[in-house]
Amino acid sequence: MGYGAGRDKYEPAATSEQGGKKKKGKGKGKEKDMDELKKEVTMEDHKLSLDELHRKFGTDMQRGLTTARAAEILARDGPNALTPPPTTPEWVKFCRQLFGGFSMLLWIGAILCFLAYGIQAAMEEEPQNDNLYLGVVLSAVVIITGCFSYYQEAKSSKIMESFKNMVPQQALVIRSGEKLSINAEEVVLGDLVEVKGGDRIPADLRVISSHGCKVDNSSLTGESEPQTRSPDFTNENPLETRNIAFFSTNCVEGTARGIVVNTGDRTVMGRIATLASGLDGGRTPIAIEIEHFIHIITGVAVFLGVSFFILSLILQYTWLEAVIFLIGIIVANVPEGLLATVTVCLTLTAKRMARKNCLVKNLEAVETLGSTSTICSDKTGTLTQNRMTVAHMWFDNQIHEADTTENQSGASFDKSSPTWTALSRVAGLCNRAVFQAGQENTPILKRDVAGDASESALLKCIELCCGSVRDMREKNHKVAEIPFNSTNKYQLSVHKNANPSESRYILVMKGAPERILDRCTSIILQGKEQPLDEELKDAFQNAYLELGGLGERVLGFCHLALPDDQFPDGFQFDTEEVNFPTENLCFVGLISMIDPPRAAVPDAVGKCRSAGIKVIMVTGDHPITAKAIAKGVGIISEGNETVEDIAARLNIPVNQVNPRDAKACVIHGTDLKDMTEEQIDDILRHHTEIVFARTSPQQKLIIVEGCQRQGAIVAVTGDGVNDSPALKKADIGIAMGIAGSDVSKQAADMILLDDNFASIVTGVEEGRLIFDNLKKSIAYTLTSNIPEITPFLIFIIANIPLPLGTVTILCIDLGTDMVPAISLAYEQAESDIMKRQPRNPKTDKLVNERLISMAYGQIGMIQALGGFFTYFVILAENGFLPWTLLGIRVNWDDRWTNDVEDSYGQQWTYEQRKIVEFTCHTSFFISIVVVQWADLIICKTRRNSVFQQGMKNKILIFGLFEETALAAFLSYCPGMDVALRMYPLKPTWWFCAFPYSLIIFIYDEVRKLIIRRSPGGWVEKESYY
């Protein structure tokens, strides 16, 4: 689109809101403002005559405002700048990480631990420090992971900051008859401003005089061609009329004078920026999922805690003991390691995506992309290459195809015809575009050009086919030129002819094909000039319609050899009082151009379709062009017709076709303006392939909201300022890193560093993968909760010595389980990842009943059995047989009782009993590690067999070894008996849990086999999470 990095110098981007999306005040006033902004731009200034303008603004059309008056207005209206969006102070961002969602659960756990320790300290003379340790560790976990997440987002913010090139803008104003260059912020309402090619328009201007002035409106309206600006009132719609130049667009060529009619936030651009910053972005799907998950876990924890609190009172424990149990059970239910796991998983994916050219601004957006069900994509630069390229030529009465591929591997045409020589000469000479200096070694297609998009395309095409255009221009020196203007719609130049066998001067002309043809009486065929008859005019008309129907921009070319007798050497050509012929010329041919699709896009759109994602094109461009590109990239697939296509095929009027018969539809912005919400919903519901053309920024927003009403999770791509409201409103906004404006980058959640649509599909795959892998990590982490909680419950109910201590639970959650849980984030995708429909956020949750039933009810129970088996084996080896343990707890824990008898009549002192108890804690811990081996392996897949998936995940294999080594270290390292009360085990005790590990593996393989054999059956419904 625009002209490279020179765009967007001073958008409200100096301060920006990274991280979470902004929340909207609930006030009615805010909603009213939003509705105001959603309306189309209203403006009357373009309809006023110069006298009325003078009366309204008090501006002298020659001398401008007086300096004193300008100062008054500046004091009244404030500076001409956009209000920066409210920013979040760094400390607030940090607190959000520390106290958001999951962290709160751990904070509550920590407070409960300190509370329990306080109660124990008040009750006992020598209280155990377990709860104190636990509280400290939990607090540390939250603080460390909070710092980690904050650092991650701060890093993205830094990259964002580097996008901003804040250069103070200058403007040329006329005040009291003198030209002054002032800071653009000091421009006021009614100022007389002068702009020239290369300037940024400093405010909304009503043009009062112009000379060949063209502006690049692409960042505002999405039109890729520069638009002419003149004093004429040409359209009721202020965005379409020629006499208004908009703030922050670029003047590409020519000069103009205008009166400032809006400044700062009141400009059209300012309204859009306000619209974007005022929108409520909403919570990300993953944030909603994690909240849902916290609800489940908290629910389970509180339910168990309260149940056992009541039970312990019934079993005649004291109130204080019951409170300690309540707190213990709630804390044991909290998966301490999960917060870190989720953060690390999202970070890893964000890093992986950055390598694939997707910069993720806030971590949660990674997953949102995976649940996307609709992508509203901009056309220019995202689906297309963002460079006009010659696509076809028509000469010698036939259409030739040019090569539009990025690496020139496509079609070639016959370059030997003398007509092509003539056509290429006209296209090269009647052309003001030039290559910028110092690019001799750059490939021709990659070179930067000074000139408008169409001329650049011609220049590159001729340079590729015929060699140096510069040499051609030097040989055929230009002696006169009439630049293109909107009234006569042609560009003409006269050159000295380098060919001695032809006339001394040659006139070359290009322009709108029908205008050029009207000026011609002859045509070149096979190098010979022939009269232009009706048959050839029909052939021209057919070719013109065919190329135009492909959505291409067509130009006509003609020339005339000026006779030597009338135009001797040194003849003075006058371009004002034209003293040379501009009629009866000789037509040479047509050349058509298009911004061609990127090579990887059709494949990417196909992938989206098989992944159940609907791709909608939303563009400011012409409907015919939009439809042609949509067909080219597969957004409208082969064989699918629009209402117009059906009408043409059946030869009936469009209004007789039933819209439901057409799968595809192309909707014009002006039609969209008059539609009700119901009509928009109807279109989105009944058409699978949709293109919106000639849309305004406000309409883009309406389209996004329409999709969201259908329950879709919407991703929006865009690069212009005009896209920012939609980017903000969408579930995930994707801005372009190269062509994108600062406002759009700021509104987006993700930035495509290579501007390529295909990168989005990679992102979708990564997003789905992270969701799958998070599920696997959570399933793995939650499973060990059961063998951690059940010992506590049995301890209360059966009055046996405590099988597993608090410190050992921490060693599992924050020690042995951490690396394996994170390693699941590296798991490769299962085969169906891009073949299934997008997940439904309402029904397909991150943690659902089936996952809880698998983790808690099935695998977790087997694990608990393994732990208790080990516990009973060790106690039995020490003389306490299982049935003698019932009800022994009170004596066992009494430090003054030193004569507790075992099954063989031996007496045990308090110290000896405790050593056996702590050895049991260690063995229970080791047995959980052993059964978690199997759990980790079965969590690798949800449907495939582990044998199909293979053990390619090196991190996971490392995780298996790491957790085993850590467990052995904690058990055998000298000094652990004092620090963590962990004691060395006999080697045979490691093997007690092996059979249970095997049972878990076999049980799950059989379950997955049944799911694969009978898809949709009972087992899948009950256990496929």
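Just so it is clear, glycine is given a Cβ too, placed from its N, Cα and C backbone atoms.
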Same membrane side per Swiss-Prot: Pro202 vs Arg836: yes
Top partner of the transmembrane segment (323-340) among 134-154, 775-794, 954-972 - counted as Cβ pairs under 8 Å: 775-794
Highest-contact recorded stretch vs the transmembrane segment (921-940), from 90-110, 291-310, 775-794, 954-972, 988-1008, CB pairs under 8 Å: 988-1008
Listed stretch, out of 134-154, 291-310, 775-794, 805-825, 846-868, that has the most CB pairs under 8 angstroms to the transmembrane segment (954-972): 805-825
For Asp378 (active site, 4-aspartylphosphate intermediate), the number of other Cβ atoms found within 10 Å of its own Cβ: 30
Which of 134-154, 291-310, 805-825, 846-868, 988-1008 contacts the transmembrane segment (775-794) most, counting Cβ pairs under 8 Å: 846-868
Contact set, same chain, for the transmembrane segment (988-1008): CB under 8 Å, 6 or more residues outside the stretch: 858-859, 862-863, 865-867, 869-870, 873-874, 923, 926-928, 930-931, 933-935, 937-938, 941-946, 1019, 1023
Interface present between the transmembrane segment (90-110) and the transmembrane segment (134-154) (three or more C-beta pairs under 8 A): yes
Long-range environment of the transmembrane segment (90-110) - Cβ separation under 8 angstroms, sequence gap at least 6: 18-20, 134-136, 138-139, 141-143, 145-147, 149-150, 153-154, 287, 290-291, 294, 297-298, 330-331, 334, 336, 338-339, 342
Helix, strand and coil totals (DSSP H, G, I; E, B; other) for the topological domain 'Extracellular' (311-322): 8 helix, 0 strand, 4 coil
Tally of residues which DSSP labels helix, strand or coil - the region 'Disordered' (216-237): 4 helix, 3 strand, 15 coil
For the topological domain 'Cytoplasmic' (1009-1025), residues assigned helix / strand / coil by DSSP: 11 helix, 0 strand, 6 coil
